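Read the structure below first, then the notes.
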Amino acid sequence: MKPLNIIFAGTPDFAARHLQALIDSEHNIIGVYSQPDRPAGRGKKLQASPVKSLAIEHNLPVFQPKSLRDEQAQAELANLNADIMVVVAYGLILPKVVLDTPKLGCINVHGSILPRWRGAAPIQRALWAGDTETGVTIMQMDIGLDTGDMLLKTRLPIEDNDTSASLYEKLALQGPDALIEALTGLAKGELTAEKQDESLANYAEKLSKEEAELDWSKSALELWREIRAFNPWPISHFTHQDASIKVRESAVSNLSSDAPAGTIISAGKQGIDIATGDGVLTLLNMQLPGKKPLSVGDILNSRGEWFTPGTLLNSKKLIGKEPAVKEAE
């Protein structure tokens, strides 16, 4: 197999892990593209991206155009005479002229099994939707949003204890191996591109802070998925005692209750049980404003009066007598 001359384009840590795999491979990296340095930290000093830092460490040429729509930037890229361009979480739009520049075009590492979740937040949306698996797709890029032909797919089961953070780590390990396998197949001419089935496509819109507010009228199952999907950002939260309280871990309880949604059913070291639109959700780990995340047991030691059974969340009043609960059938 003849090694490929590769342009790599990426910005965050997830992308840097794929660049490292290319550095360790037999292929030639002839240029690394990353977004311009951004102000970061308290001093707002310009900070290089993880991809740029890794490229400099290995003496690879770095390019940081503000846009690839610029003719000069396009000419500079064309002069590299690449066989292929690998794009991983780059963050800039690639116009058609750029997509068509490398001999084998541009390929992308996408964190889902296409066409299930296209877009910016496939990991989070897969969790929230209750998908049982996710994975990595290596695809040939076109002018659409994650609509290109699929070259290779890997699969990964979603476990009950997975959060977006844990799935991110798992896919960050799986992605580089999939990328190298796909490049080997392309270099040997052994990969067959597969068209995406448009009828199976969904758009994984970027998460917003507004979506992170817990709606107790939803089912316990949906809220449990939501809390996992929004960890580590933006973290699901609810308002109670005029405080925004973040929820980092929860579980679907085997209890049932006919109390209004948002009612505290019980509170103890094992968790705080909340009535929902369907079922009971147990809160296990929370974070009060300005404090570090703590187990519910520790929070009750200092704020036990906030979580009296029978209290309706986002209220300081009891709704009546302590609600009756029973084991779910």
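Positions of Cβ are set from backbone N, Cα and C atoms, glycine also.
Given the structure is predicted, the values throughout are model-derived calculations rather than measurements.
Annotated features in Swiss-Prot:
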- SER112, ILE113, LEU114, PRO115: (6S)-5,6,7,8-tetrahydrofolate binding site (BINDING)
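Location within the structure of each feature annotated in Swiss-Prot.
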| residue | record | CB count, 10 Å |
| --- | --- | --- |
| SER112 | (6S)-5,6,7,8-tetrahydrofolate binding site | 25 |
| ILE113 | (6S)-5,6,7,8-tetrahydrofolate binding site | 21 |
| LEU114 | (6S)-5,6,7,8-tetrahydrofolate binding site | 26 |
| PRO115 | (6S)-5,6,7,8-tetrahydrofolate binding site | 20 |
Mapped onto three states, the DSSP assignment of SER112 ((6S)-5,6,7,8-tetrahydrofolate binding site) reads coil
